[in-house]
Amino acid sequence: FIKSLNLYSLSQVSAARQKHTLPDLMYDYGALQPHICAEIMQLHHSKHHATYVNNLNVTEEKYHEALAKGDVTAQVALQPALKFNGGGHINHTIFWSNLSPNGGGEPQGELMEAIKRDFGSFQSMKDRMSAATVAVQGSGWGWLGFNKDSGRLRIAACANQDPLQGTTGLIPLLGIDVWEHAYYLQYKNVRPDYVKAIWNVINWENVSDRLKAAHK
Amino acid sequence: VCAAGLSYSLSQVSAARQKHTLPDLMYDYGALQPHICAEIMQLHHSKHHATYVNNLNVTEEKYHEALAKGDVTAQVALQPALKFNGGGHINHTIFWSNLSPNGGGEPQGELMEAIKRDFGSFQSMKDRMSAATVAVQGSGWGWLGFNKDSGRLRIAACANQDPLQGTTGLIPLLGIDVWEHAYYLQYKNVRPDYVKAIWNVINWENVSDRLKAAHK
């Protein structure tokens with residue numbers, strides 16, 4: 001009885017204490033040069049993403065309290081902060097894994113076949129995703145996503161930090177961040193140049209892994 | 001008869017040819033230093049605002065055609081581009097006039113009285129407007145606006161380039177642009193520092209003029 005009580009108490013405490021954390025990059029801040037400069041990577045990861053993580057933890061803490069009281073008004077009031085900071089954490093975590101200093105080139109295997117099937121060619125997919133991404137009005141992301149119901153790849157764009165899966169149901173495979181902080185120090189207002197350059201550092205293995213995982 | 005016909009044709013031609021144009025600044029790009037650096041001002045005015053003007057003209061041209069055909073679907077499809085580029089042109093035109101190298105300090109006369117009446121004090125208005133502006137999620141603007149129905153000053157925030165008057169009915173008096181392009185080169189991710197600094201270059205005469213004009 002005592003053992004099970006202690007285990008129960010411990011799990012309660014550990015459940016309350018699990019916080020989101022900023023993931024480490026698998027490469028140095030300067031590793032994606034010249035396509036994305038080191039200063040951008042450092043600010044983007046250690047300031048912007050870190051802030052989303054911190055604010056997400058604060059928001060979830062407040063949400064926990066509101067939920068415990070059954071306070072619907074407070075829960076609804078917290079929704080924008082949860083979507084913004086939670087989405088920011090989800091999106092950037094995917095993004096860092098989508099990039100690699102060994103990236104670029106073309107995908108292989110199942111992912112390449114799916115791209116050809118759903119877009120006609122790899123170039124066609126790149127062109128359409130680039131156009132949709134550049135066209136985002138204000139802050140947002142371009143996405144290559146997977147529709148589980150149809151089994152098809154889809155291009156989508158989301159505003160601000162709206163997470164792809166939570167808002168559209170599409171499984172995110174590859175995201176391109178076009179908030180100005182993602183490129184402005186290097187590319188200034190010329191967003192198309194940034195979107196063109198980023199294809200040089202796309203980690204197609206990671207995108208493939210995400211497609212495989214989406215099938216399960 | 002000939003003269004009347006000619007002037008009719010001329011007015012048709014001149015009406016078709018009136019395009020929006022990029023307004024000149026009343027000060028040099030470097031005039032707002034150290035609060036807003038020259039590089040930001042140059043990119044912001046000659047690239048970002050200029051692009052809104054060009055795209056607004058293109059959009060209005062297309063809208064003119066759709067309207068002439070009574071094509072509602074095409075008109076609706078053009079609405080986002082009209083609001084985005086039209087709002088961008090309106091907002092930035094107001095913004096440049098809201099700023100001055102001789103700005104800062106405190107307003108006088110009717111505007112100061114209205115601020116005290118509606119916010120308690122000038123500092124209170126600054127604090128509340130700063131908070132609302134910093135809190136914008138993603139790209140957008142903070143505004144001090146005037147409600148014609150109630151005769152009161154109001155603080156508001158708009159997303160992206162949504163124009164204040166067109167979307168809320170409030171008359172825009174003073175705007176603070178918090179798209180990252182407005183501050184990132186100088187302030188990086190520290191938006192609060194930019195919002196704090198910009199009070200040093202606010203042209204209170206212009207804000208007062210806008211309030212006077214709003215009363216008419």
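In case you wondered, yes, glycine gets a Cβ from its N, Cα and C as well.
Whatever TrEMBL says is automated annotation, not expert-curated.
Residues annotated as Mn(2+) binding site in TrEMBL: A:His44, A:His92, A:Asp177, A:His181. As annotated by TrEMBL, domain 'Manganese/iron superoxide dismutase N-terminal' applies to A:19-100. The domain 'Manganese/iron superoxide dismutase C-terminal' annotation in TrEMBL covers A:107-210.
Where TrEMBL records a feature, it is marked here on the structure.
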residue  : record              : Cβ within 10 Å
A:His44  : Mn(2+) binding site : 24
A:His92  : Mn(2+) binding site : 24
A:Asp177 : Mn(2+) binding site : 25
A:His181 : Mn(2+) binding site : 19
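Model confidence over the domain 'Manganese/iron superoxide dismutase N-terminal' (A:19-100) is summarised by a mean pLDDT of 96. Annotation note: A:His92 (Mn(2+) binding site) sits in a helical segment as assigned by DSSP. Contact with chain B, taken as any Cβ pair under 8 Å, is found for the binding-site residues A:His181 out of A:His44, A:His92, A:His181. Apart from the site residues A:His44, A:His92, A:Asp177, A:His181, the chain places the Cβ of A:His45, A:His48, A:His49, A:Phe95, A:Trp179, A:Ala182 no farther than 8 Å from the centroid of the site's Cβ atoms, the recorded Mn(2+) location.
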